[in-house]
Every structure is written in C-alpha cells, then in structure tokens.
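Copied over from Swiss-Prot:
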| type | residues | note |
| --- | --- | --- |
| TRANSMEM | 29-49 | transmembrane segment |
| TRANSMEM | 59-79 | transmembrane segment |
| TRANSMEM | 88-110 | transmembrane segment |
| TRANSMEM | 114-136 | transmembrane segment |
| TRANSMEM | 144-164 | transmembrane segment |
| TRANSMEM | 182-202 | transmembrane segment |
| TRANSMEM | 221-241 | transmembrane segment |
| TRANSMEM | 252-272 | transmembrane segment |
| TRANSMEM | 282-304 | transmembrane segment |
| TRANSMEM | 309-331 | transmembrane segment |
| TRANSMEM | 390-410 | transmembrane segment |
| TRANSMEM | 432-452 | transmembrane segment |
Amino acid sequence: MNHLVLGYVGLVIGVIVTKKSMVWRVGQVGSVLLMLPATVLVNMNMTISNVSYMMTSDFVSLGLTVLSIWLLPLMLLASQQHMVSESLIYQRVFVGCQVFLTGALVLAFMASDLLLFYIAFESTLLPTLMLITRWGAQKERYQAGTYFMFFTLVGSLPLLICLIGQYQMVGSLALDLSYEGVFQLSYLVNFWWVGCILAFLVKLPLYGVHLWLPKAHVEAPIAGSMVLAGVLLKLGGYGMMRVSLMWGATAMLSSEVFLALALWGIVVMGGICLRQTDLKSLIAYSSVGHMALVVGGVLTGVAWGYNGAMVLMIAHGLVSSCLFCLANLWYERSSTRNLSGSRGLIMIFPLISLGWFLMSLMNMALPPAINLFGELVAMVALYNWSPYSIVYMSLGAVLTAAYSLYLFGMSQWGNTMKNYKNLYTITSREYLLTTLHLVPAIYLIFYLGLMF
C-alpha cells in the first residue's frame, strides 16, 4: 500500500525532471503502470485486518481508491489537446498537479488514522484551486476558486477542532477502533457530530452548502471537472462513512436534520437541472442531487445504506466524469456549452452520440445500470428510516429521468447550426477516453459482487 503512494511521488518527480517532449508521455505511461496493480486489488479480499501502521484498505476504501487511480490517465488523456500550446513550465505544473492530487486522494482513502486522513483531505485543496484559477476558461474562475476555498476551509476548521478534542479524550485517532459511548453528555455528542461531518457535507456537497460546486465545475478545465465529479466529491461520502462506523449509533442523534435536507435537495436539484441551459452547469447540479442520496444512505446508519452509498459513489464517479468529457469534446470544437446551440450532434458525431445515450441512461438509473442498484438499496434504507421519504425519492426519480432526457434530447436532436457542419472529426484519443469510462461502468453491472 505504501508503495502505491510512493509511486505517485516518483511520478511527480519524473514529470518535473523529464525533457519537454516526454512530459505527457511520462505522465500517461506512469499513471497506467500505477493503475495496473490497483485493478488487481479488486479481486483481493481486502478486509480491515489488512492494516499497516499508516495505510489500510477495506470494503469502504478499496473501490474509491481504484476509481481515483483509474481516472488519472483519463484526465491526462482528456487534457492533452488544449495544453499543447502552453509553455513547458505550465505543462509540468499542470501534469504535476493532477498526479499530486491523485496521490493525495489515494492517501486519504487508505489512511488508517484520522489525522493522516485530514492532512490528505486538506492537501487536495491547493492543486484543485490551481487547476480552477490558472487553467479555467473565463475570468469568473477567480470567483469560483474563492468560493471553493472559502467553503472548504470554513467546513474543515470544525473538523480539526473535533479531532483534537477526540484525541485529548480518547488518546487515539485510529480508524479501526470504536468510540461509541465516549461522550457522557448528549449535547457534546451533537456538537461533535455536527462539527465532524460539516466538512464532509460541504465536500459532497449537501443542498444548502453546494454553492461552490456549480461555479467550480463551470469554470474548471476538463481535468478539474473530471476529478471534482469523479473523486473529490466522494471524499465527503467516504469521510461520513468512516466517522459513522467509528461512532455507531452514538453519532446519529442529530442526523435527522441532514437527512431532511438531503431529501429536499434531491427534489430541488432536479427542478433546477430542468432550467439549465449550460451543459456543464446541468451536469454539476445533477451531481448535487445524486450525492444527496448518498448522504441519505450513509446517515441512516444501516449496512444497506452504506452499500448503496458506495455503489452510487463509484457509479456516479464514472458517469459524471464521462458526461463532462463529452461536454468538453463539443466545447473544444464549437466554443459553446449552450444547449440551444448544441442541437443535432447525432448528425455530426453519430458514434459519440451513443456515448451520450448510454451515459444519460445510466445517469437516470435505468435498468440494468449499476446506478439503479445503488439507488434502490439506498432508497430501501431511507424508507426504513421514514416511510414518508418515498414521496421525495419518487419525485426525485421522475425529475432525474426528465432532466436526463432533456439533456440528451436538447443536445442530440434538432437542426444543426450551419457554422457547425464543418467541425473536425472525433479523434481516436477521444474515442478511447469515452470507451475507458464506459467499460468499467458496464463491467460492474455483471460483477456487482465486487462492491457488495
């Protein structure tokens, strides 16, 4: 496990010292070499007994670790086209940021101590901020970076305070210990619980603290959007699962408020998506709705809820990352993300429209998509918590189907604008990029046992 993190450190150094013509090749080849042993871990029986002094891997962290490693070569593949014109130093920094960010994510998912997890959690802030503010497309990227930094830091400070307090009371921050019953006063439990999960709710994000996400997605380059939607949001869900498993029922006393916000967020985000005219903005808001169901699954505190949330996070990471790639594919050719100006793509790029079609179906959790299994399991857990929640979940499912069909129909059907008929064709790099998102999403349909 430690060798995997050291591999990313070596890859960052390799990107810095290699000659200009080899920067992207070193990054891509190195990330693929690190990806190969990670995929072998999927077939291993990783339990909580596989714990070293610093690193661990179990059913909670393994899937997200492999997802992070899988997406790195795809981010480099998606970014290569628009980074060719940059100077050598900026290319090195760009590739180095992505490699460092992936290494920090792997360290966060495999940390066996809450302090190490917090350090890795915060280490993702700077490279993500650099990707947004330096390589964003418009001047609003600075505002997006400010929002992202403000929400992240404000949410993370209570977490640090709570971790310090926990260490003073218990003398340990190990993830494999149970801390249930440590607090004797109920108000201290509520205070600690809210302080701990606030950082994770901001990172997910939960409806109400989600304002940074659409801005960051819209202004970020394709690599930033992919890592945000694919993995960074999952840090919040992973952190909530870890904290909940450590403290058990003791830490669930104040979860009703957040569960209510999550259910309301599913409905509201579905309605907002139907009003969007920007491709990236629509996909970003849909992420908030899907992550709200993850919050609901985790905060129910039952095993089914955890399993559903885990499947949802992995499925959403692949689907949303691919949707952002497809949106960027069109943006690089037309310089627009407006839905009304993106009509008739099926007439221009018929094969890529198949990718749009499959990902739209997965986004709405149509059978037999892996998203369906995650959503059903999470919904069962929420229904057991409160039968009234089925009203919000049903309405959210209808709205999700509506905006997914709206996204596909508005972008693929209709009359193509005349100035878009002579666009350059899809390259093999872009076909490969789309395929590498589709293959694991389809593979997991037939091997659900890997995640249950």
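The backbone N, Cα and C atoms fix where each Cβ goes, and this holds for glycine too.
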Close approaches to the transmembrane segment (282-304) from elsewhere in its chain (Cβ under 8 angstroms; 6 or more beyond its ends): 201, 204-207, 210, 213-214, 216-218, 229, 233, 236-237, 240-241, 244, 248-249, 252, 255, 258-259, 261-263, 265-266, 269-270, 272-273, 276, 312-313, 316, 320, 323-324, 327, 339, 363, 375, 377-382, 384-385, 389, 393, 396, 399-400, 403-404, 407
Beyond the flanks of the transmembrane segment (390-410) by 6 or more, those residues with Cβ under 8 Å of it: 263-264, 266-267, 270-271, 273-274, 276, 279, 282-283, 286, 289, 293, 339-340, 342-343, 356-357, 360-361, 363-366, 375, 379, 382-383
Recorded stretch that, among 88-110, 114-136, 252-272, has the most CB pairs under 8 Å to the transmembrane segment (221-241): 114-136
Positions on the same chain near the transmembrane segment (59-79), where near means CB under 8 A and six or more residues out: 4, 24, 27-28, 31-32, 34-35, 38-39, 41-42, 46-47, 94-95, 98-99, 102, 105-106, 109-110, 221-223, 226-227, 230-231, 234, 238, 241-242, 245, 306, 310, 313-314, 317-318, 321, 325, 328, 429, 432-433, 436-437, 440, 450-451
Best-contacting stretch, by C-beta pairs under 8 Å, relative to the transmembrane segment (432-452) and drawn from 114-136, 252-272, 309-331: 309-331
Cβ-Cβ under 8 Å with the transmembrane segment (252-272): same-chain residues at least 6 beyond its ends: 186, 189-190, 193-194, 197, 201, 206-208, 210, 244, 285-286, 288-289, 292-293, 295-296, 299-301, 382, 385-386, 389, 392-393, 395-396, 398-400, 402-403
